[in-house]
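Just below is one structure, and these are the notes that go with it.
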Amino acid sequence: MEATGYEFNIPQGGSDSKIIKVIGVGGGGGNAVKYMYEMGIHDVDFYIVNTDIQALNSSPIPNKVQIGTALTAGLGAGAKPVVGRNAAEESREELEKLLGDNTKMVFITAGMGGGTGTGAAPVIAEIAKSLDILTVGIVTMPFKFEGAPKQRRAQEGIDELRQYCDTVLVILNEKLHEVYGKTSFKEAFSHADNVLTIGAKSIAEIITVEGVINVDFEDVNTVMKDSGAAVMGSAVAEGENRAIRATQGAIASPLLNNTNIHNAKYVLLSLVVSDLDSFQMEELDEITEYIRSQSSQDTEVIFGVATDQSLGESICVTIIATGFPNRENPNDEEAVVEKKTIHEIDSSESFVRQSKESISSEQQAVKPVYKAPATPEPAPVEAKSTPEPSIQTSEPTENSEFIIHEVEKPSVPNFEEPKVNRRPEKKIFDINDEYPSDSLNENPVVNNARPSRLRVSQLKSISDMSPDEIRERQEEPAFRRKGVQLNESEGESNDPSRYQVKKDGIDGGNRFLHDNVD
């Protein structure tokens, strides 16, 4: 293979070697370390590790390590994590030499989902862990537009990285949209690099920067050692109540991925101001009290204060929570699964099913769980000495767990018990029923029921008639049908009157009447 002419630039130890190292792996990790290098983090050594010789040559980072020279020939891993892993294994001796140089703590940063970062970062973490170095992984998940295959590779790489890191801080790039809103393509990746820088800078400078309240390496080691997954939130505020507003913003940050820090065992708190003289003790009290109110009483809070002249009148609060009960993912909560027990009498079958719903012991004792029949049966249940029939379940209820035991029904003395209706009693009234006069007088609503019953009876009798009977009733007048006799009035006369009523008066001569009939 043709030589590339590239020389490794690894410090050979001595007083210039720092106890904290930041290693960027792959293209994404190299860009993040470049951003950190330009922003400046006190008293740390920066390294970039890559299979791509072109990316190494273009980086301003002085300490560069090319891995997999024989495997990749400096052309990269081709988005294949297995190539990145094999390249790191090929250069294991160089990596051990890098990490064995007075290193107490190492930050491994990478953009997961590619080839070199996804494959080589777990190998570097494994080497650091074997050297008893406090290992912190700060990595990013791809943006949604980068595609599902890359996100799947990233998740697999993170799962492997967690096996060897004391703490892994995962930044979801997609969450940055919630923080910064609409941004350009270039700004989106710059924001991701900035978040990685905040994470590494906040942790490292708590150790390296001397403050009024000093935090040493062992304090951070206590927080980070074997603590599993970690989450980070950061916010900047200025003006009135800046301290409490920045703290609230950090806890509510989308970067925390909706994680409640109440379950965290440790909280690392970083406070950055432009001038220590302007930072009031009242502000420190407000911040720490609010953090303790949002966490449990057993949560240990370790904080440090640093200065940054570029902040002006603002304050930056960064919270890193670690030590969650679930080491792999602080958002996962164990589902509480409770078993329901049902005793079915005279049953030879037993089955067990899972249930996600919890039922109180009182409900289990009073109301046995069973599948009710489709048709209600209002008949009362009367206790007898004979065994009761078993409850038949047509189909098991979904997501339920039943443990059914066959038990023997104890003998019951033969005595009468009060009848108990399990369902509301239905009352059926007959329209022909007669009710006592007392009840009718007491309830006027019942008195009005008699005309209604009469009307219903009449309509029913009509509906029972044949067509001929209906036709006969229509042709016969009602007074005849009811037997009413119409008599002529007594004042009626057959002799017509000779007078005629007109507008002007009464006319005595009726021209329509003739005395002499023709």
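Note: Cβ is positioned from N, Cα and C throughout, glycine not excepted.
TrEMBL does not curate its annotations; it predicts them automatically.
It should be emphasised that the depicted structure is a prediction, and the values quoted were computed from it without experimental measurement.
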Matching residue for the GTP site, where TrEMBL names Gly27, Gly28, Gly29, Gly30, Asn31, Gly115, Thr116, Gly117, Glu146, Lys150 - out of Asp166, Asp193, Asp216: Asp193
Sequence-distant neighbours of Asp193 (GTP binding site) in its chain (C-beta under 8 A, six or more apart): Asn31, Ala32, Lys34, Tyr35, Met36
Spatial neighbours, same chain, of Thr116 (GTP binding site) - Cβ under 8 Å, 6+ residues apart: Val25, Gly26, Gly27, Val49, Asn50, Thr51, Asp52, Ile67, Gly76, Ala77, Val83, Gly84, Ala87
Tertiary contacts of the compositional bias 'Basic and acidic residues' (468-479) (same chain, 6+ residues out, Cβ under 8 Å): 462, 486
Cβ neighbour count (within 10 Å, all chains shown) around Glu146 (GTP binding site): 16
In the chain carrying Gly29 (GTP binding site), residues 6 or more apart in sequence that have Cβ under 8 angstroms from it: Ile23, Ile48, Val49, Ile108, Thr109, Ala110, Gly111, Gly117, Ala121
Asp193 (GTP binding site): secondary structure state under DSSP, collapsed to three categories: helix
Tally of DSSP helical, extended and coil residues in the compositional bias 'Basic and acidic residues' (468-479): 10 helix, 0 strand, 2 coil
